[in-house]
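So that you can see what the record holds, here are the features copied from TrEMBL:
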type	residues	note
REGION	1-51	region 'Disordered'
COMPBIAS	23-39	compositional bias 'Low complexity'
TRANSMEM	109-129	transmembrane segment
TRANSMEM	141-161	transmembrane segment
TRANSMEM	192-213	transmembrane segment
TRANSMEM	225-255	transmembrane segment
TRANSMEM	279-300	transmembrane segment
DOMAIN	334-390	domain 'MIR'
DOMAIN	403-459	domain 'MIR'
DOMAIN	464-521	domain 'MIR'
TRANSMEM	596-619	transmembrane segment
TRANSMEM	639-662	transmembrane segment
TRANSMEM	669-694	transmembrane segment
TRANSMEM	700-720	transmembrane segment
Amino acid sequence: MPSAVCGGLAGSELRHRRGRGGPQAARAAVPEEAAEAAAQSPKRPAPGSRPSEGACRWVLLALVTLLAFATRFHRLDQPPHVCWDETHFGKMGSYYINRTFFFDVHPPLGKMLIGLAGYLSGYDGTFMFQKPGDRYEHHNYMGMRGFCAFLGSLLIPFAYLTVLELSKSLPAALLSAALLTFDTGCLTLSQYILLDPILMFFIMAAMLSMVKYNSCADRPFSAPWWFWLSLTGINLAGAIGVKFVGLFIILHVGWNTVSDLWHLFGDLSLSLVTVGKHLTARILCLIVLPLALYTAIYAVHFAVLNHSGPGDGFFSSAFQARLSGNTLHNASVPEYLAFGSVITVKNLRMAIGYLHSHRHLYPEGIGARQQQVTTYLHKDYNNLWIIKKQNTDSDPLDPSFPVEFVQHGDIIRLEHKETSRNLHSHYHEAPLTRKHYQVTGYGINGTGDSNDFWRIEVINRKFGNRIKVLRSRIRFIHLVTGCVLGSSGKALPKWGWEQLEVTCSPYLKETLNSIWNVEDHINPKLPNISLDVLQPSFPEILLESHMVMIRGNNGLKPKDNEFTSKPWHWPINYQGLRFSGVNDTDFRVYLLGNPVVWWLNLLSIALYLLSGSIIAVAVQRGVHLPAEVEGLSQVLLRGGGQLFLGWALHYFPFFLMGRVLYFHHYFPAMLFSSMLTGILWDSLLRLCACGLAASSLASGVHMGGVLSLLLGTAYSFYLFHPLAYGMVGPLAQDPRSPMAGLRWLESWDF
């Protein structure tokens, strides 16, 4: 593997150690001189050697940016209906405008920005975003699409500047920008209300900021150095604030930082105090600043979404008590649980709901034919239970009896209020979960048998042995069988009204499936307190929201007939993803990478591994290379190594994920592979030109090769652009179709 992957140093670092003494500087002298010699050769003019060099860079940047915006904003209003995941993220933007609480498996920054863009552009948050194909009609959706297209357009100039910084080569930067500009996949993702362009914006901005502060290494603690270092931290917070896969760019920057600090530590001309200052600066800008911003994102998220909504049921009862409009908000209940109280019991696992029973019995052949016990997500009278002592029929609410609080370790009965049957278990097998026991409602008017007795355990006894409403986490242990009450989360068949199965598990390990809390609490003998005093603190709700998101991500499994893909499909552009339309009368948009770009990127990764390995071995063996070849090799190893590392970090972790995966997950990695392609082919063409004696011929080979790649990429975009901009009419198999003859793989379903 190329040494840059191990060293993590940018190409510009070839000159960073100048002026530092010690053995490290001496060892750096050879490649530095080679890089300078390469820069001064006639085949690669030195930066600033011509007065027009700087102007040319800015003119090209302006042209690249203009072309990026032109391609991304062209036909942005088409189609005028909901496409693919606009259903989710447009709806979530509406929730922010309406301040309605919801749940999503991703952090909130992307949806907040979409909502803000909609609000500022005049969208009122009233469109329902129910399903793909719903027409926007009079609703203003262009602000949200325009915001995503704006960020998607900036990816191209960011790539141009990043490659220019790493390679000091205008052709390499231009080629990388062209690959992204003319990629139909990047174009499609940038034109809709999605998180992907926002995520990729922060990833590319973090990468650009990192290579910029690397280039300032010879001016540590200067204003530009602080600016780029701080901006890197800000962009890292943005990336992880949009999706958790933003962690991959954090790992990339972290690796670069550790490598840089290691080199500084080995520079004997620097005092330990100076090295300590470098370490402190990076801790402040790359750890403390991103953490503070990330926390602030959630503070704004919780402050804005303060009304009850569809996300309530995913969170704990204490969390729900802070939401205006929720039945627990501003409610007053007794604080501690006592015998005779009427309660509801809520499972702590996400989307399980309340312990529930109803008069319907289990059908023949499903355990004992007794009353069904399930969990139910919604508020209902059949969620109410009365907590009683194990062996007494006296009414604990009788004024003549003193109040007796329920405590950890007490033996209790739970009597269903509506049917007067006790929560019961026995050795019959559960309906769906093998080796678990059935849970039923049993008895008449509260009179049953010894299988109705449960020992109550308090998991978090920071409130003492008493059971505190909302806050205490409790388990119910069956006294006879020793099993623990829980919910498997499996939906029962129609005979169980498709509610969720409740079982008694013989496996006593603490899991969220078997942990409950008391939510509603009615006891006329006890004084009520406002639930406001039981609301969790900000750190508690921050931790809970992350636990819920992580469980939600882990629970994302493919649904029946759902279109998914595998990570090995992605680099070869094996399958696309239908954004809109199916039939020839529909407006059809199909997410597919430009095959010329993607297959060139795949070839480039293979060539980079081969050429980089050869060069690394040659350098290690002390092979003498011509000055220009030495310089180009260092650019390829160091600058290309940064980009190869970025591609690997954004791609290979998906092989370890158990959640459902889609084609669009590869696009952050594709950004890095496109930039690597630009550097690789520019360097290889220059290396080929090195063997030619005539300067004009060498220049012609290099520029001809780059121009051929640019024209080939542009022409392939011309062929495949209907996939991104949309088409109506004959399907691809029809000769009249604009895509006729272009279905190069059978797996492309357009």
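Backbone N, Cα and C define each Cβ position, glycine as well.
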(request) Write out how many residues of the domain 'MIR' (403-459) are helix, how many strand and how many coil, based on DSSP. (result) 3 helix, 29 strand, 25 coil
(request) Would you kindly list the residues that approach the transmembrane segment (279-300) from elsewhere in its chain, counting only those six or more residues past its ends and only Cβ-Cβ distances under 8 Å? (result) 107-109, 112, 221, 226, 229-230, 232-234, 236-238, 240-241, 250, 253-254, 257, 261, 538, 542, 545
(message) Are there residues at least six beyond either end of the transmembrane segment (109-129) with Cβ under 8 Å to its Cβ atoms? List them, or say none.
(response) 82, 86-98, 136, 139-144, 146-148, 193, 195, 198-199, 238, 241-243, 297, 300-301, 304
(request) With DSSP as the reference, give the number of residues of the domain 'MIR' (464-521) in helix, strand and coil. (result) 6 helix, 27 strand, 25 coil
(request) For the domain 'MIR' (334-390), jot down how many residues DSSP puts in helix, in strand and in coil. (result) 3 helix, 28 strand, 26 coil
(message) At a Cβ cut-off of 8 Å, and with pairs 6 or more apart in sequence only, do we get at least 3 pairs between the transmembrane segment (700-720) and the transmembrane segment (639-662), yes or no?
(response) no
